Each structure stands twice: as C-alpha cells, then as structure tokens.
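J.: Dropping a structure here in structure tokens format, bear with me for questions.
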Amino acid sequence: MVDPANTVGIPVNPTPLLKDELDIVIPTIRNLDFLEMWRPFLQPYHLIIVQDGDPTKKIHVPEGYDYELYNRNDINRILGPKASCISFKDSACRCFGYMVSKKKYIFTIDDDCFVAKDPSGKAVNALEQHIKNLLCPSTPLFFNTLYDPYREGADFVRGYPFSLREGVTTAVSHGLWLNIPDYDAPTQLVKPKERNTRYVDAVMTIPKGTLFPMCGMNLAFDRDLIGPAMYFGLMGDGQPIGRYDDMWAGWCIKVICDHLGLGVKTGLPYIYHSKASNPFVNLKKEYKGIFWQEDIIPFFQNVKLSKEATTVQQCYMELSKMVKEKLSSLDPYFDKLADAMVTWIEAWDELNPPATA
C-alpha cells in the first residue's frame, strides 16, 4: 500500500527555483485545503485559481499563499464573447489560467493531488523536478537507452551521435502519479481496486513522431514556447464529451513541438493521486471519445504542418483548419471544436499582445 508523504516540519524553501518566473494554475470546485500539505514546496509561488461551477460559492485558500481567484463571471467579463472557448464544469477551465498568466512557466496540479514520497520515504518536491526537466534539453531525435542523459549519474551511451548530443529545448514536462492511476472508465470498471505502487526513477524524452496520452493533473510547461497550443479543448457542460481535455491538448502540443523542434519529457516527478472518480460517471463522459480516438489519433499521426508555420499560433491555426476538414465527418462537434480553437488563439493574442521593438 502506498501512502502520501508527511510534510509536517519541512521548512518552506527560502530560495525556490524560478520564483518570479512561474505561476501555479489550479482548477477547483472546492476549498483548497490540500495546499497545506504542499506548503513547503508551493507557498513561495503565485497561484492562479480557476473556480469551476457556481461562481457564488466561496473558495477557501489557506493563509500565506499569494493568489488570484477567477470564477465564471470573471471569465465572461475578461473575454466577453470569446469566453465561449473556455469549458464549463470541466477541469479544462484551467487553461484560462494559462491565458491570463504573465509568467514564462506554468505548473498545473489538481486539488486531489497530494505530495508523494520516493522509495526512501522522502517527500517529493514535484515542482522542483518539473523545473529541472524544463531547464535541461530533450532528445527527441535519437533515443538514449539510459533515458535522460543530462541527469546526474547518466550520460549518452556508446553509439549516440555526437551531432545530436546538444539536444533541443524542453517545452513540456509531464509527471506521473502514485496510488490512483489515470485510467479510462472501462479500465477502472475491470480494475476497481488497482493502485499504482511502482515508483520508477526515470525521465525520458518522448521521441519525435510519437504521440502520448497527456494527463493534466501533474504538468509543467514553458508558456513562452508552447502556451498558445496548451488549449484543453471544448469539454464538459453542454458538450458531447469530457475527460479528453488534456488528451486533446497533448496531441496538439506534441505535433507542434515536433514541427518546431521542441522536446517533451515524461516520468518524474510523481504526485500522490488521492481520489478515484466514479467510473460510471466517467464512462458517460468518455464513451464517444473512446470511439472517436480511433480516428483522432491517426489524424494527428498524419498531420503535416507547413514550412510557413513558424510560430505556435500559426501552427495551431493550421491545425484548427485540418480538424474542421478531416474530423467533421465524425461528428458536428469537431466543427465547433475547430471554431473554439480559433477563438482561443484570438483571445490569447488579445490578452498577450506581441512585444513591440
């Protein structure tokens, strides 16, 4: 049995990495008491909390945290008609926090994620590991069998081309989970008591041309490099699909990172996922996605972006056109999603105008 770490008595780090360059984005419908456990690691940073559901409900945030809190009324006020691109009653609302942040880096975490402990029993500072992942290169062009060659105690193995050892800039760090695995509803139903107790001390770069199922509950990224593509789709209330928000963003960012020569890492850090969601509720949200993904994934595997697409926004706009052209035959929802992708970019650019010389 795996348990969360006990962080009582761990002092708050007086010199945290990237303190003034990173925001923490948290979507929630409840009080954020879970932050008490995270205090030694997260208190020095600025939080952007996106409150889903009833905007009149008061959300409690533990004392000592510096934060902004946005609810649906704020989203409507700030984005106006473009607020329609932000999902309602779905954790995809978190991407509004990505849009309003002004920092270079983002770490996002769910409110049912606690501090994990490594095999020695030490509490895992997930944010610190994410930062380390983002600040060292990725190797998507040639696989290193010792995984991340830049970690202490590792290097490039014999036969690794010297011309590729410089690597590429890392845009995304995807972390994992102990206890409750990130399973879909059918797997939850057949393995209701399964728990992940395996802690693998490894970080690897996802190879170029390979997609992956991105989970948004323990994720960090370079907002300057890939932020405009980190759109969690149009999900939740009023939509025919849910629980594919982070998957959608993961497929989009991966093909764009591959096109622009950026890297995506997965593995460490772990968090402790405390609560299993209801598999029957999840199945209702997921069932169309389970069928659709058999067409969506080949679509992304075959995406070819043009040489003229040299920015994330240009790549994403091209991708939105392809979604409309290639996926609308699956369901009219994809026309709506493609339009929301365009609206998202327009709203992003309005709130984040390019710097002038």
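In case you wondered, yes, glycine gets a Cβ from its N, Cα and C as well.
Remember, TrEMBL labels are computer predictions, not curated facts.
Found this in TrEMBL, in case it helps:
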- R158: site 'Required for activity' (SITE)
- R158: N-linked glycosylation site (CARBOHYD)
- R165: site 'Required for activity' (SITE)
J.: In whole Å, note down how far the CA of R158 (site 'Required for activity') lies from the CA of R165 (site 'Required for activity').
T.: 12
J.: Test of understanding: give the count of other CB atoms lying within 10 angstroms of the CB of R158 (site 'Required for activity').
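T.: Neighbour count, Cβ to Cβ under the 10 Å cut-off: 5.
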J.: Around the Cβ of R165 (site 'Required for activity'), how many other Cβ atoms lie within 10 Å? Please give the count over every shown protein chain.
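T.: Total other Cβ atoms inside 10 Å, all chains included: 15.
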